[in-house]
Amino acid sequence: YYFPCQRWLAVEEDDGQITRELVPVDEAFVKKDSGNEGQSPATLGLEQKAKSTTYTVKVKTGDKKNAGTDANVFIILYGSKDDTGIVSLKASKINKNKFERGKVDEFTVESVDIGDLKKIKIGHDNKGNSTGWFLEWVEIDAPSLGLCLKFPCGRWLDKSEDDGAIERIIFPAELQTVEYIPFVPYEITVYTSDIFGAGTDADVFIVLYGSDGICTQQKSLCLNKREQRMYFERNSVNQFIVELEDVGDIIEKIRIGHNGAGLNSGWHLDRVTIRRLLPNGK
């Protein structure tokens, strides 16, 4: 799908809009343009990402005295085919200071196909000032599998509490499992124009619309501020693999825009191309 724009998304330019709806143009126009782009090294990494499963891991620290921990927390996901190996839960997407009393932290874990998720192991290295931790639950959402699993714990991971264990194997609570229609990976390529001031450091987002009024959630293309600074520079091509709700075989339009934040938020967008990838990177 080929969505030309060739307009500003900027408060001070054009009509002042920072969000635009784009409709696809016909195939002949696409074929005329394709064939100019070589394979960049970055696309190899994206192909790997398209073949991997992305899990959103939410961790709830209990609301008890001294429930939080400063230790380094790790998790292992065990599937029917394989496991992820030890994954350090370093950067919470919600809280700068993670694993505090009564708080939920969110992490992203990427892995090759491990099959059906059967159990997890979670624990810490007992390093730091206050290491004991009361873990309420872990929730793991795998959009590409259409599954959200809850792993209740409700126990201390503390050498001086409960049974003294600082790691635990936890199984999902079947009654709390939520199933939904699996998300599919879309390859989204964004072309920023080659004119003065075209680039942006703002948070760029996209929504896809299928037929019969189906649409995806609004999704930011960058994971963090560092990526926002790296991508969408003048005359650049940025490619993303994004897991979104399946809008079907026809994309009728897209909405793309940004949050207007930052010093030079104005953006001149040349065009967007989108490919719906089949599962397993086919």
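Just so you know, glycine gets a Cβ as well, placed from its N, Cα and C.
Because TrEMBL annotations are produced automatically, they should be read as predictions rather than curated entries.
For 1-23 (among others), the entry in TrEMBL reads domain 'PLAT'. Same-chain residues lying 6+ beyond the ends of the domain 'PLAT' (1-23) with a Cβ under 8 Å from its Cβ atoms: 29-30, 33, 193, 200, 202, 251-260, 265-275.
The domain 'PLAT' annotation in TrEMBL covers 53-171 (among others). On the 0 to 100 pLDDT scale, the domain 'PLAT' (53-171) averages 93 in this prediction.
Taken residue by residue, the domain 'PLAT' (184-282) breaks down under DSSP into 12 helix, 45 strand, 42 coil. According to TrEMBL, the domain 'PLAT' annotation covers 184-282 (among others).
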